[in-house]
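The structure appears right after this line, and notes come after that.
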Amino acid sequence: MNLPIEQYADLLAEKAKNLTALLAPFNPPELEVFESETSHFRMRAEFRVWHDTNEVGENELYHIMFDQETKQRYRVDQFPIANHLINKMMSSLLAEIKGNELLTRKLFQVDYLSTLSGEIAVSMLYHKKLNEEWQAEAAALKARLEHQGFKVQILGRATKQKIALDRDYVEEVLPVDGRNLIYRQVENSFTQPNAKMNIKMLEWARSCTRHSSGDLLELYCGNGNFSIALAENFRKVLATEISKSSVQSAQYNIEQNGIDNLQIIRMSAEEFTQAMNGVREFNRLKGIDLKAYDCNTIFVDPPRAGLDQDTLNMVQAYERILYISCNPHTLADNLQQLTQTHRIERAALFDQFPYTHHVESGVWLIRK
């Protein structure tokens, strides 16, 4: 698989041109553009596993992907989009499990999650129930990979079954504005795929909010990626997240980073809107006095569908809005309403996904 590295600058310029045109009706300042590394930038990858027989009758297996247009499978021995650690593990893993019936039989997928800190989780997915014999073989595999120098976690997954030999997460350390931030990242839950671009996003968000007063509300906080980085810019931070594993990771990350002004609530943005408007009461909010927060800044990083109408109405009530978007078209839709009351102070493009049409962007809005 070859990347069109020589075309990267032109591809990024085209994205910037398109985003600038999309935002033009809202009179933004000049777009800030943050470029990615041109290869080995992705921290996670997943591959199907193909089983074959070579010319001398030996069983072979290799990673495959599918062409998005033709749907034809193709073999992947190296994956230049993924970071060097994943590429190294791809070849080491297959070499170690080759010929091992317990580890390879009905293995259909392998997922990799890596970090800049040098840790990697390998999740092996099976169409069979995993037993103690599998665990023993997987433990031996883990030991062999560790002997090669890998800081590795091995996980096995099958229908209604998940086995973590040691733990089901890796720990990332991100240098943000001169400070190392620790993030627990759980296998099979959302993490930012381009870690170095994530650092640029965090630093940009911090620079937008540097001289803020009052408190911050964040919706969809995940493992605390943004709220932890932003906490020192505010008196207090209140954040919501619906995923149980993400909330647990966020609580751990808050503790590890010594953050004492950040509270996470497990509820959806829609539920929180109802609570703020007094429409419903929630047991999950017992012990949390929402009136004690003076949240005049809100941070949103919604799904591709953008903000729903009720949340959009709620967001509009805040003095300052920091909006990170993974879909510029729904961002533009939301801005039609938000710019009735707010102006765009800053706008940015973060090339989280080079060589694709996907665009990550951010806008910093201030009440008019």
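From the backbone N, Cα and C atoms, a Cβ is placed for every residue, glycine too.
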Name the residue, out of D301, D308, D310, that Swiss-Prot lists for the same S-adenosyl-L-methionine site as Q192, Y220, N225, E241, please. D301
What is the nearest of the recorded positions Q192, Y220, N225, E241, E360 to C326 (active site, nucleophile), using the Cα of each? E360
Q192, N225 as binding-site residues, winner by CB count within 10 A: N225
Do me a favour and check the Cα-Cα span between E360 (active site, proton acceptor) and D301 (S-adenosyl-L-methionine binding site); whole Å is fine. 10
Per DSSP, E360 (active site, proton acceptor) is which: helix, strand or coil? strand
